[in-house]
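Pulled from TrEMBL, these are the features on record:
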type	residues	note
TRANSMEM	42-63	transmembrane segment
DOMAIN	46-520	domain 'Amino acid transporter transmembrane'
TRANSMEM	75-98	transmembrane segment
TRANSMEM	119-139	transmembrane segment
TRANSMEM	159-179	transmembrane segment
TRANSMEM	186-206	transmembrane segment
TRANSMEM	233-256	transmembrane segment
TRANSMEM	268-292	transmembrane segment
TRANSMEM	312-330	transmembrane segment
TRANSMEM	437-458	transmembrane segment
TRANSMEM	464-486	transmembrane segment
TRANSMEM	498-520	transmembrane segment
């Protein structure tokens, strides 16, 4: 159930979380003991609970009610519980890897499989961010189109109104936010997104409960089978895997804790938080499923009637998601910046070699010209000043004296060499600027790509959710954690952990293959809305 303001943290925290120990050291006040833990430690555990809860609650729960209707209320509960257990086990294994490696997800991948493992993980993170982003874009477009159609009383000319315009106008929000230098500067956006998410979920629950009560009073209670046809099971497995994606954010928070005692305590905090998430998800899913029954649409927000409260819920959910997307894909900028810095460093090394060659040429030219300026003095006196703020500075002598015009006129070759040095200095400045600009350009291109992908897939939202769940969520949160754990601890773990690792790996591979196969074979562009289902039972 990862996502929204959670998924942005989920991927971001895989690369950047402040150390709790450093935060505690900055607090000048004496720590008051509360039992065996200080007040600061208890506060951090509370923040950890909220972090895990937010990471697992988001747009994922909006798509689970339809899966319950298609799969059956007993079978769907078993599927949701099974993948919940797999994700919890994978997270606990990653915590054990953190204790051994003392690093984040990326460090674990590097320790287990070297550069290949790290590259594989980064590819998974980027692919997951892009795929989730396309879901967000599609969800927002469908929601806004539904609102517009409702305002115009489901007039035919306003059905699926302005798909391209609504989709690509979202770039006006995404691009400025991803250009922020630090994610901390987006704190107000995170706050707005979180408040909108909480309000939207509350309104959806209230409206679904009202519909359920109304149906019960009128005697039109929705019936859902306990177990549906087995052919529909793969259509819900990917969605079930999509629900519990919170391992990266949990892992990063766990890695930020320096004390083993606090880490053990946080493990129990995590188990409590993820259990609360499971109970809340089941409650939300079954309340909405029994409220709308067979009329349940791909995203439950599309079932909400055109009343002020329901419309407010749709708008708030759209607002939450549109602000969450830039935050969710922001960790991609960290990866881009790292590779950009690596390439820039290689270029600077090449420039240094060129500078050495220019020094040698300068010495040869000065010796041939018979200049009165000694080669030794120039070799030790000239220093290139690499300054982006003052590009007019060419070079300075060791004693702070510039070459006189007379000396320069006597050595035109030296002037040429100095000009070459200045060009190299300016080139270095440009390289440093490119190091900052390059990730931003890639982020803008990524936003355009994600938005375009969302536009082309906006009629296949339910298929997209299931496919991404099997294609990206399962490898990132089940398969890779078990694989890394098995490699790191292969020489010292018992048969029980080996069985768990193998079970997770086999389950991950089977799930991915099954879901991808089913999603492709049953791909559909049918995207019903409340307007197209007016008159259906359970939709007002």
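From the backbone N, Cα and C atoms, a Cβ is placed for every residue, glycine too.
Caution: TrEMBL annotation is automatic and unverified by curators.
These numbers come from a predicted model, not from an experiment.
Contact check: the transmembrane segment (233-256) against the transmembrane segment (312-330) gives fewer than three Cβ pairs closer than 8 Å, residues 6 or more apart, which falls short of the contact criterion. It is 75-98 that, among the stretches 75-98, 186-206, 268-292, 312-330, forms the most Cβ pairs under 8 Å with the transmembrane segment (498-520). In summary, the transmembrane segment (464-486) does not lie against the transmembrane segment (186-206): fewer than three C-beta pairs, each 6 or more positions apart in sequence, are under 8 Å. Long-range contacts of the transmembrane segment (268-292) within the same chain, counting only residues at least 6 positions beyond its ends with a Cβ under 8 Å from a Cβ of the stretch, are 1, 45, 48-49, 52-53, 56-57, 61, 64-66, 68-69, 73, 76-77, 80-81, 84, 87-88, 91, 201, 204-205, 208-209, 211-212, 215, 221-222, 224, 243-244, 246, 250, 254, 300, 303, 538-539. In terms of C-beta pairs under 8 Å, the stretch of 75-98, 159-179, 186-206 lying closest in packing to the transmembrane segment (312-330) is 186-206.
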